[in-house]
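Here is what Swiss-Prot records for this protein:
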BINDING   Tyr10, Tyr33, Arg102, Val103, Asp104, Trp105, Asp106, Arg113, Gln114, Tyr115, Gly116, Arg117, Gln123, Val124  mRNA binding site
DOMAIN    30-108  domain 'RRM'
Amino acid sequence: MATSVELSSYRDQHFKGSRSEQERSLKDSCTLYVGNLSFYTTEEQIHELFSRCGDVRLIVMGLDKYKKTPCGFCFVEYYIRSEAESAMRFVNGTRLDDRLIRVDWDAGFIEGRQYGRGKTGGQVRDEYRTDYDAGRGGYGKLLSLKIAPNTDNR
């Protein structure tokens, strides 16, 4: 099993550049992607947790691209790589708002990446969920649209 600071197999499919450029960016990056957040987790809570590992330079909350409300992820950027490595070691897999959060390397925040990429504006993973998850908006958004009663023909 890989240690926390090694690169995972996940790669952002929207990265602008070659695979080797992406690998290099990830290995030099001070930016982390944080996933599986509750929609109700605040920037202040994230700062409190991640600042235990070093000086946080920037937090960018992930937003629903239509509603501009939190949608369960963020980016955390440190000033130096070693502090980001500490966060990978010690924060990945911990609980925040009663949820196990995932921390992974990110090649660096670029404007526009703070928005969900799903059809309904949030994260793709929340669109098809069949279980109820109160911390992430209930049932999957596309499932909710399919089972919503049709009131047009009444």
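Heads up, the Cβ atoms here are built off N, Cα and C, so glycines get one too.
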| request: Would you mind checking how many other C-beta atoms are within 10 angstroms of the C-beta on Asp106 (mRNA binding site)? | output: 23
| note | Neighbouring CB atoms within 10 angstroms of the CB of Arg102 (mRNA binding site), all protein chains considered, total 17
| request: Mind tallying the domain 'RRM' (30-108) by DSSP state, helix then strand then coil? | output: 21 helix, 31 strand, 27 coil
| remark: The correct three-state DSSP answer for Gln114 (mRNA binding site) is coil
| Across the domain 'RRM' (30-108), what does the pLDDT come to on average, as a whole number? | 94
| query | Hey, what's the Cβ neighbour count for Asp104 (mRNA binding site) at 10 Å? | reply | 16
